[in-house]
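Asks: Summarising the annotation, TrEMBL assigns transmembrane segment to 28-50, 62-88, 123-143, 150-174, 194-213, 237-258, 278-296.
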Amino acid sequence: MASTSSSGLSEADALLLKSYGQITISDVLGILFEGVFCGAYGIFFALAVYSIHQRGFRTRRAMIMALVVVYLYAASITAWAVDCYIAFKDIHSLYMTTEIPLPDREDLAFDTFDKFVGVQETIFVFNAIVADAVVIWRTWAIYRGWITAIVAPCVLLLTAFVFALVDVTCSLYHGSTPLPGAASVCLRSQKIVWAFSLATNIVCTLFIAFKAWEHRKTMKHFNFSGKIYHGMSTENILSLLVESGFIYSLLWTIQIIGYFDFDLNSPWYYISTVVVRIGRQTTGMYPTLIIVIVNFKRTIWEEYPITLSEPTVPNSLQWAVNTTRSGTTATINARSEVGIHLDVIRENSGIHTLDKQSAAAEI
């Protein structure tokens, strides 16, 4: 109390400055962690652009993929830039506006936040929707266009999209009710988007995990072993997709912390801020990572065909990609626009004894 009196600050002003300091620390921690993830995202973005460039822009799918990658990264950069602006504007409002009484400076800082809350919310929810669409596309491709496999994820995604529109509308009308009776919906819309987005990712990851298990079981059944081409095997690709899917689902689950209100004196206040800021980057980072994995896998198989000199399985059986689906071959090669077929053929016979398609034929 003595130090407070000697400095000319009342106890109330001292407590206000303490709370302002806590807000500032939270803002700085948020943009620092978000900046680290944004930098890591930049690496994935560069790899994605390179992989797409290597494959060329000959198809509509390649152009759509490039647009998705650029949009997600631009949105994430914008989100980080807006967060940085808000943080520095808060510092200016709380400590440098000497003409405004100390108790009123918090309202000035909140005014800045209110101006951008609609922009930030729009970026966040639509990044999540686009990310979920990429995950569904990958699941659909792995199941070789089997629509039944993506019915449930599509229903979840559509529901999330509807509530995303509601959430964005509510955010743009922040502080007022855009429609009569919409107050209760606005309070829950963001949580509903998060829940359905999380469910979409979990369902898709489980579907991919099942296909990975099925593929591994098939490979063991026919006693295939060893790596027979440069780069990553189909099994490793599927494993990466499953593992990254579960990691993303875990990070997405942790986002629930951001929906709770914590006291400024609680460490959870800072944790929730950091988690929310990281979430703005991971929504774009994960689908970009999927595109990187898929494109580099395709590029590796197309640029480095391998000829097998020895059978890899007993009983004179060899396996290879047989694009003509007739005769014998021991050369691994891949077409750029169609799936990779796994044929097991009898040496020197030219007759298929088994005809199994790769579990990840459309990866």
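Any Cβ shown, glycine's included, is placed from N, Cα and C.
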Asks: Should anything in the same chain at least six residues away from the transmembrane segment (194-213) have a Cβ under 8 Å from its Cβ atoms, list it; otherwise answer none.
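Replies: Those are 128-129, 131-132, 135-136, 138-139, 142-143, 149-150, 152-153, 156-157, 159-160, 163, 235, 238-239, 241-242, 245-246, 248-249, 252-253, 255-256, 259, 359-360, in sequence order.
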Asks: Where among 28-50, 62-88, 123-143, 150-174, 237-258 do we find the most Cβ pairs under 8 Å to the transmembrane segment (278-296)?
Replies: 28-50
Asks: Can you tell me which parts of the same chain pack against the transmembrane segment (123-143), counting only residues 6+ beyond its ends and a CB-CB cutoff under 8 A?
Replies: 68, 71-72, 75-76, 78-79, 149-150, 153-154, 156-157, 160-161, 164, 167-168, 190, 193-194, 197, 200-201, 204-205, 207-208, 211, 238, 241, 245, 279-280, 283-284, 286-287, 290-291, 294, 359-363
Asks: Same chain only, please: residues at least 6 beyond the ends of the transmembrane segment (150-174) with a C-beta under 8 Å from a C-beta of the stretch. Say none if there are none.
Replies: 114, 117-118, 121-122, 125-126, 128-129, 132-133, 135-136, 139-140, 143, 182, 185-186, 189-190, 192-193, 196-197, 199-200, 203-204, 207
